[in-house]
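Positions annotated as domain 'Major facilitator superfamily (MFS) profile' by TrEMBL: 45-469. As annotated by TrEMBL, transmembrane segment applies to 129-159, 190-210, 216-234, 300-321, 327-349, 356-375, 381-404, 444-464.
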Amino acid sequence: MEFQNTTALSLRFNLTEEWRAAIIPIEVLNGKQELSRCSRYRLDVVLNLSAQGLNPGVDVNLTDLHQESCVDGWNYSKDIYQSTFVSEFNLVCKDQWKQPFTSSINFVGVLFGSFVSGQLSDRFGRKPVLFVTMAVQTIFSFVTIFSPSWTVLCILIFLASSGQIGNYVAGFVLGCEILSGNARVLFSSLGISLGFSIGYMILPLFAFFLRDWKSLQLGLAVPGLLYIPMWWMITESPRWLLSQGRAEEAEAILRNAAKKNKIEAPDVIFGDPKEVNIQAKQQYHIIDLIRTLHVRNTTFLLFLLWVTVATGYVGLSINTAQLHPNPYLSCFLSAVVEVPAYISSWLALQYISRRLSFVCILVVAGSSLYLIQLVPEGLSGVTIALEMLGKFAITAGATLVYAYTAEIYPTGLRNTGTAVCGSVSRMGSILSPFLLSLSVYYKFMPQLVLGTLAFVSLFTTLFMPETFKKPLPQCIEEMPKRKRFIPSKKNMKRQSHIQYNTCNLGSWRTVGRHKSGTPYLDEKGVTTEG
């Protein structure tokens, strides 16, 4: 929201026209001279000089005069918004740092919610955590309207954002574990992402008609009530139930699903209950993400990848407000570009290996952000196109990284792993609002930082494991390990003949041997697919 120093508008003292025009200092912002919005020359000094008949800039050197803050307050433009957080709590001038800090508080809540909800989901189940965090988001989003101060506002934003990311991660993992094959790929790419994008596109429409921030906040909180009936429509994850030794509940869910899909379920789904219970005794904790060298390396590489896409996504999303004078149109454009990004990520998940997908994404993102600084001043359209290309690539990467992480970690650690990676990535999100302020020193500094992050992550991607067309791991021993970026024919042949379950060898049997003498196994005579 635009604001201005009210001194020149409300001054009721006996000043000459020259001093009325000169009482507000001139500042250089983004290479342009503008009237200061936060200070004026000391009023008592100016009144004295005016009474003496001295002229500013002629008889008096203005740079020698002392300045004071705008004790008469500010006027806020209502051409676009009727009220905002900024105008409500006067987050300008000496308190202007609170604007990006408020955005950062939102991401601190996301960090906390990611970290806590992931462990709760692995401990108590996907479904209860999903609906509890939905309630937290809805309740505190509504209570935010009654914030008496900026401090209380920040606390409520923190709690609401904690609930928001909690239900997002729990819902994502629940869907990935309920669905399989192409349905899981469709859900993890287009399903959840397009839903987010549609909501993103509706947001500027809400804001256009509800130009008061409290009305907009209420409009965003009320839809949370629509999720209440879904408690009776969504089931718990059978994979999670099985990992807890609750095979009978998992089997009942699968038989009910088979009945609804008019499929005849086999007489025995999970085999010997004793073996299932033995396997379920192995519980995972957050420390398992770094316990062994292989898992630790994978986790740290995922951390860097998540930080890159989160920082880029948040930074470019916030910066799109500068793309067009109309902020509603800017927000809509930022949302629209995500639709082809999500479609691209879905196609990539279907047909392209995960590492190759990230290589392409990071090359496009880094290159487009670096090239922005080379565009001549008058070609603003090209600058917008390059920034939107970078947003397109980073958005596709943000979708892929969720699906990729879920494919890497086993069932007992999947929600925790995804949530911890999300928590670490929020460090970049928290810093993004302040990263954009670097443009004061160099206009394209934010883009250069984001482009550099993309190229650094591009290099580390080559050391990540491949999960393309592989079944979800059930235990930590089944986690995919890093192989050559371009596998040899010998390795590919060997992988196609050797499939085994290291979690519970008791439920598998040998059906043949490789030429080298190594047995290859399947479950009850059914050949597994990589």
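Any Cβ shown, glycine's included, is placed from N, Cα and C.
For the domain 'Major facilitator superfamily (MFS) profile' (45-469), the model gives a mean pLDDT of 84. The transmembrane segment (216-234) is not in contact with the transmembrane segment (300-321), judged by fewer than 3 CB-CB distances under 8 Å for residue pairs 6 or more apart in sequence.
Within its own chain, the transmembrane segment (300-321) has Cβ neighbours under 8 Å at 103, 107, 290, 327, 330-331, 333-334, 358, 362, 365, 387, 390-391, 394-395, 397-398, 401, 405, 408, 417, 421-422, 424-429, 431-433, 435-436, 446, 450, 453-454, 456-457, 460-461, 463-464, counting only residues six or more beyond its boundaries.
With a cut-off of 8 Å between Cβ atoms, the residues of this chain six or more beyond the transmembrane segment (129-159) that come close are 85, 89, 91, 98, 101-102, 105-106, 108-109, 112-113, 117, 120-121, 166-167, 170-171, 174, 214, 217-218, 220-222, 224-225, 227, 230-231, 234. For the transmembrane segment (381-404), same-chain residues at least 6 beyond its ends with a Cβ under 8 Å from one of its own Cβ atoms are 172, 176, 185, 188-189, 193, 302, 305-306, 308-310, 312-313, 316-317, 319-320, 323, 333-334, 337-338, 340-342, 344-345, 348-349, 354, 357-358, 361-362, 364-365, 368-369, 371-372, 375, 418, 421, 447, 450-451, 454, 467.
Same-chain neighbours of the transmembrane segment (444-464): 297-298, 301-302, 304-305, 307-308, 311-312, 315-316, 319, 354-355, 358-359, 362-363, 365-370, 372-373, 387, 390, 394, 435-436, 438, 482, 485, counting only residues six or more beyond its ends whose CB sits under 8 Å from a CB of the stretch.
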